[in-house]
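All remarks here apply to the structure that follows.
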Amino acid sequence: MIFMKKSIRMLAQKASCRKWVFSLVDYFSKRFFRVYPLFAVVVVLLWLLPFEEKKRYFLVKERDQFNLFKVLTFDFDHRFFVFWTLPLEIAYYFCLPVFVLGVLSLRRFWWVPLIPLYGWVIHAGWHERRSSHSPLWPHLPTFIAGSMAAVLFVKLDMWIKKTGFEFKRWQTLAVRVIEYAAIALTLSVCFRRNSSPGNPAEPTMFFHWVQKPNSPDEGGFSFISVPVTVIIVIEMLLPSCVAEIFEWNVLRYWGKISFSVYLLHSFVLFSDIFGKEPNMYYERMFWRIGLILLLATASYHLVEYPSQLLSQRVTKALAEQEAKGAGKSTLPSFIYDTKRLFRPQRSTQSA
């Protein structure tokens with residue numbers, strides 16, 4: 001969304017190719033520092049652990065299977081446990097600028113490609129299987145749905161501000177009916193386990209009314225990308241109590257440390273805390289939540305936050321270099337200044 005707004009501004013300013021190059025380098029550097037440093041730290045830590053711990057925490061099956069270089073470079077056969085999502089995310093980072101610039105280049109006909117794309121996303125959601133440890137293509141409709149939602153929000157928000165449009169009562173009611181139907185559909189799909197190959201999907205309250213599942217052998221993840229993006233766009237344009245719930249400070253904090261939670265939760269869930277004693281279910285649950293919170297908080301402040309500050313330094317260095325014109329490129333001096341390296345930059349916004 002930030003990249004799209006910046007692209008709209010640069011297109012209006014008729015920015016030079018050089019400025020576009022610096023903007024794209026800044027875009028990729030922000031996303032690299034957002035995900036890769038913590039991933040690399042976890043990979044190295046896992047590499048140092050004995051095989052039994054690798055098998056327990058990240059499901060490494062064979063003793064000689066863990067190759068540090070191949071894991072760090074996203075080799076397909078070395079994407080253990082939750083590592084499989086990062087290559088997909090990073091690969092789509094390269095697709096997103098093409099999608100955004102392609103939509104913006106159509107100017108007032110920006111909405112035209114969204115019609116067949118939504119048809120493709122819905123068809124893929126109903127008829128194609130998506131599961132863990134798959135390549136990008138089966139999951140591409142999910143990424144595209146999120147990007148189209150961002151385009152819709154930016155364009156509709158600009159139109160509302162430009163025209164001074166205000167929702168009437170019947171319009172608000174109609175929007176809420178659509179939103180709450182999307183929420184009901186999402187909840188009915190989410191609150192069941194993912195079906196596995198050979199086992200039929202568990203019935204849901206609404207989803208099977210819309211489309212019956214494929215053959216029982218299909219399995220895979222549920223299709224929720226469209227209803228979720230509908231909810232997000234509506235709440236950003238016309239906030240309600242739903243937005244207030246997600247703006248609760250506790251949920252916002254968990255969102256801030258969510259990447260650390262995602263990568264590190266297995267070190268708590270697969271540990272021997274309380275074992276599997278059924279009489280200690282609630283004790284085990286609250287202890288796990290608390291330990292995951294502490295572990296993710298430490299990871300955020302030790303790895304993620306310094307990485308974001310470094311990203312801000314890179315952004316500032318790129319801006320200074322771009323402002324100098326086509327002069328001789330030199331290595332930014334901040335790299336050598338360790339005292340300034342992790343100092344926050346208040347004037348720079350991080351994606």
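Positions of Cβ are set from backbone N, Cα and C atoms, glycine also.
TrEMBL does not curate its annotations; it predicts them automatically.
Per TrEMBL, the features are as follows:
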DOMAIN    23-269  domain 'Acyltransferase 3'
TRANSMEM  32-49  transmembrane segment
TRANSMEM  81-102  transmembrane segment
TRANSMEM  109-126  transmembrane segment
TRANSMEM  138-156  transmembrane segment
TRANSMEM  177-195  transmembrane segment
TRANSMEM  221-246  transmembrane segment
TRANSMEM  253-273  transmembrane segment
TRANSMEM  285-303  transmembrane segment
Answer key: the stretch among 32-49, 81-102, 221-246, 285-303 with most Cβ pairs under 8 A to the transmembrane segment (253-273) is 285-303
Could you tell me what the rest of the chain brings near the transmembrane segment (32-49), counting residues at least six beyond its ends with Cβ under 8 Å?
57-58, 66, 68, 71-72, 80, 83, 86, 89-90, 259-260, 263-264, 299, 303-304, 307-308, 310-311, 314, 351
State the residues, same chain only, that lie 6 or more residues beyond the ends of the transmembrane segment (138-156) and have a CB under 8 A from a CB inside it; answer 'none' if no residue qualifies.
1, 4-5, 8, 88, 92, 95-96, 99-100, 103, 110-111, 114, 117-118, 120-121, 124-125, 128-131, 225-226, 229-230, 232-233, 236-237
Using Cβ atoms and a strict cutoff of less than 8 Å, what residues sit near the transmembrane segment (221-246) while being 6 or more residues removed from its termini?
118, 121-122, 125-126, 130-131, 141-142, 145-146, 148-149, 152-153, 156-157, 160, 167, 172, 175-176, 178-179, 182-183, 185-186, 189-190, 192, 194, 207, 252
Can you check how the pLDDT averages out over the domain 'Acyltransferase 3' (23-269)?
85
